[in-house]
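Student: What follows is a single structure, and I will ask about it in a moment.
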Amino acid sequence: MPVFLLTNDDGYFSEGIRALREELKSLGRVITIAPDRNLSGVGHSLTFSMPLRIRRVDEDFWTVIGGTPADCVHLGYYVLLDGKKPDMVCSGINEGPNLGEDITYSGTVSGAMEGRILGIPSIAFSAFGGESKNFSEIAKVAKKVVIEVLEKGMPEDTYLNVNIPDLPQDQIKGFLITKQGRRAYKEKVLKLLDPGKKPLYWITATEFGWHLEEGTDYWAVYHGYVSITPLQLDLTNYRAMEILKKRLKFTTEVEK
Ligand SMILES: [Mg+2]
């Protein structure tokens with residue numbers, strides 16, 4: 001029976017994590033450990049500056065007070081599982097997509113990234129579009145991806161970023177392996193005034209837009225497909241290494 005370690009960045013109370021937990025429970029044991037608050041956009045931060053407390057919510061269900069998604073996976077692995085590798089780390093289902101450059105801010109994707117760092121096959125799940133967010137339907141689609149990966153395996157050094165359109169299952173056109181797309185909106189900063197008339201600033205992302213390039217994550221979900229983007233921990237730009245070797249007076253070789 002497979003063991004899953006499940007986290008998210010929306011908080012342990014969110015509908016998305018509870019729906020995914022229910023679906024995964026039909027496949028194996030699910031140990032859920034998630035932040036006690038909404039930490040969307042927290043990225044891959046790990047808390048070094050203070051100790052953390054784990055609190056029990058329910059059977060195999062825990063929350064980390066003040067903990068990030070990366071903290072949750074880290075503590076889930078080292079404390080709850082006592083360093084025994086689960087078969088898979090799942091993160092989500094996030095309430096909203098994680099596409100293009102946004103994945104660098106994403107706590108959801110970072111939960112899966114932490115799983116991969118610990119050597120565990122890991123998948124991040126996010127919901128795209130829709131007003132109602134039918135998480136029980138979205139979780140059924142997520143389960144199909146989990147089953148496929150459990151059966152066939154994942155390449156080394158890889159974790160998956162999966163975005164699922166919020167559509168009835170029969171309206172989902174299929175599953176596409178995609179590349180990371182590019183966002184085309186201007187980040188906006190709202191200026192507000194506090195009661196003392198001093199300025200406050202609120203970073204928002206209200207003006208959305210994407211480069212609709214075929215083969216990308218955004219193109220897939222926009223057209224009703226589930227987007228599966230393989231990501232890697234190694235951020236090295238190997239093509240640039242070759243270019244820089246020619247262009248700069250630096251080299252990759254050690255002089256002997
Ligand atoms: Mg979130």
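Cβ coordinates are placed from backbone N, Cα and C, and glycine is handled just like the others.
A TrEMBL annotation is a machine prediction, not a hand-curated record.
As listed in TrEMBL for this protein:
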type	residues	note
BINDING	Asp9, Asp10, Ser40, Asn94	divalent metal cation binding site
DOMAIN	5-187	domain 'Survival protein SurE-like phosphatase/nucleotidase'
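Can you walk me through where each of these features ends up in the structure?
Tutor: Sequence-distant neighbours of Ser40 (divalent metal cation binding site) (same chain, six or more apart, CB under 8 Å from its CB) are Asp9, Asp10, Asn94, Gly96, Ser106, Gly107, Thr108, listed in sequence order. DSSP assigns Ser40 (divalent metal cation binding site) to coil, not to a helix or a strand.
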Student: Looking at the binding-site residues Asp9, Asp10, which one has the fewest other Cβ atoms within 10 Å of its own Cβ?
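Tutor: Selected from the binding-site residues Asp9, Asp10 on minimum Cβ neighbours within 10 Å: Asp10.
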Student: Taking the center of the Cβ atoms of Asp9, Asp10, Ser40, Asn94 at the recorded divalent metal cation site, which other residues in this chain have a Cβ no more than 8 Å from that point?
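Tutor: The answer, listed by sequence position, is Asn8, Gly11, Ser14, Gly16, Asn38, Leu39, Pro69, Gly92, Glu95, Gly96, Ser106, Gly107, Thr108.
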